[in-house]
Amino acid sequence: MNQLALAIPWLGKRNPAAARWVVIALALAAPLIAVLFGKTWVRILDFAMLYVMLAIGLNLVVGFAGLLDLGYIAFYAVGAYTFAFLASPHFDIHLPFWLVLPAGAGFAALAGIILGLPTLRLRGDYLAIVTLGFGEIVRIFLNNLNHPINITNGPQGINMVDPLVLFGWDISQGLQIGESFKINSLFLYYYVFLAFVVLSIILVQRLQISRIGRAWAAIRDDELAAKAIGINTRNMKLLAFSLGATFGGVSGGLFAAFQGFVSPESFSLMESIAVLTMIVFGGMGNLAGVIVGALALTALPEILRYVAVPVQQALFDRVILDPEVLRMLLLSLAMIFMMLLRPSGLIPAYSRYSRPELVVGKESSGEAAK
Amino acid sequence: METLLQQTVNGLVVGSVYALVALGYTMVYGILGLINFAHGDVLMIGALVALEAIRLIQLYAPDLGLIPTLLGGLGVSVIVCMALGYTIERTAYRRLRNAPRLAPLITAIGVSFLLQTLAMIIWGRNYHTFPQLVSTTPLEPVAGVFITPVQIAILVVSATLMVALLLLVNKTRLGRAMRATAENHKVASLMGVDTNKIIAATFIIGSALAAVAGVMFSSNYGIAHYAMGFMPGLKAFTAAVLGGIGNLGGAMLGGLLLGLVESIGAGYIEDMSFGFLNSSYQDIFAFVILGIVLIFRPTGLLGERVADRA
């Protein structure tokens, strides 16, 4: 819980209890505040929650275990497509989500192990390139597996994915209270996603201070030394890959249900990079940091969208930088300047178990000096 | 048999473009131990700048012949890319030279996407047709193999450049300084080598090669696009790893081999997989080769001295 307080740096240090309550209140009230600016903002908030889950999962791999994974979005894709296969008219299978979501998570974990096994010996930049290749291979297959047998329906993607149904209650229909009052499904999705996020946070936090988390930190800081003190680096790395992938898979399944539609386009390299930027921006290895990073980098482009476009229209009578370009610009600049100016992120990891300067910091280690 | 020969020729042409780009990766990696992620995007900028320059030349000097126009465009793009390469090194990488290795890699990814975004802002999202200044109509077939003038030009130009680069690195003062810096920064600077200058020179040379490769790539396929640098960049990196990263001869060999595997593989993949896969899976070859090489022989075919970096 202390990490929750860290999300508000000024208050967090002086009065952690107050900061904690502020964070909880904000999390609960967020959609109610967002709706004041329009319903799209609640939708953006829902997506932000999915990105938070992705960031938490990727942080497990990159921040805790120090394995730079540039193909992370492939696990998101595995989760989303599993959901779409098992709960849509595409194969005419409609399994309930409490079966489909774990299946997606399981397949994603399996994909994590498949990626992890051959790359165990690779470190740093080589690992990054191979994982990038893995992500691209998954995308190429999704794009082309529509013939000779139609499995993924190719670039068109799969439509009409079933929404989340909790105990026979379809939450995409909203909640009717009395005659006149109806809670929009966007709100309901937000709270469902929030529940998943909270669960992930608790899980990851416990994991970080457990034996496994300490083993990961040891591997990240010095793999050889970790091996020497008896850590089974192979199993620990595989565990990091598969657990990280699980979060991606769950998030992907939720995405498919929420969006009602999946296509290879949503799983491009740009998305992997976006999630990586979120954790770099927020503070690699620090849970509060990556959550803030994910929220900030989901919301900022959207804010820019609603500010920059009208401003440009007023100034130049046309839109020079469309929102998608702005998003890419923002992400790439965030990545470059964060590394140059504040390499440990907005909220650096202070915990006993994370030494960010060894992952990305100014101090040089022996290896990097070469 | 004719298919095989034809695909071999195509593979050599594509492969020599990969080889030129791979040289840039391998030089930078040899000296800094950094994967210059943005290298593929320098290729893209090279192609698009050349396109713009050629358009301008055709507008203001329409009487200039085809080849001088192309050379003019090429010259402009080489100069712009050299400046770009220097700027990238100076602003983004130099400050991180002593940082742990993930930091410059992440910055490099950022630079790559920044270049793509800037290109998207300047040139838009559309595919541009690249003027076919060297003919792409095939000549008379020799032994059933068709080859176009532009393909011949690519082979000749890239062979010349590779020989020139080898001479530069092995015979000149600058080349010796580059080799010394790659061997050991500190000792090289103690011996009076201005390592900052040498590293900048490496980036400049690599970017110039990438610009030439970009123009050749676009001339061959007749298109230019803001995201065109990604795939050739990745494949060239694969080529560099395949040949042994840090090794110039290895990059050339790796490039040619990758080009051959890719185009011969694309020709036969449908038969090999009983019609299940087709040539749209062509891009997978590079990744699979990369994975196999890194797992079984991380030093590459000709590499020897970077085993500990894998």
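Note: Cβ is positioned from N, Cα and C throughout, glycine not excepted.
Note that the structure is a prediction, hence the values are computed from the model and not measured.
Feature annotations, reproduced from TrEMBL:
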TRANSMEM  A:21-42  transmembrane segment
TRANSMEM  A:48-68  transmembrane segment
TRANSMEM  A:73-91  transmembrane segment
TRANSMEM  A:97-117  transmembrane segment
TRANSMEM  A:124-142  transmembrane segment
TRANSMEM  A:187-204  transmembrane segment
TRANSMEM  A:238-261  transmembrane segment
TRANSMEM  A:273-297  transmembrane segment
TRANSMEM  A:328-350  transmembrane segment
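The stretch in closest packing with the transmembrane segment (A:187-204), judged by the count of Cβ pairs under 8 Å and taken from A:124-142, A:273-297, A:328-350, is A:273-297. Ranked by the number of CB pairs under 8 Å to the transmembrane segment (A:238-261), the listed stretches A:48-68, A:73-91, A:124-142, A:273-297, A:328-350 are led by A:73-91. With pairs at least 6 apart in sequence, the transmembrane segment (A:328-350) and the transmembrane segment (A:124-142) have fewer than 3 Cβ pairs within the 8 Å limit; the two do not touch.
Scored on C-beta pairs under 8 angstroms, the neighbour of the transmembrane segment (A:273-297) with the top count among A:48-68, A:73-91, A:328-350 is A:328-350.
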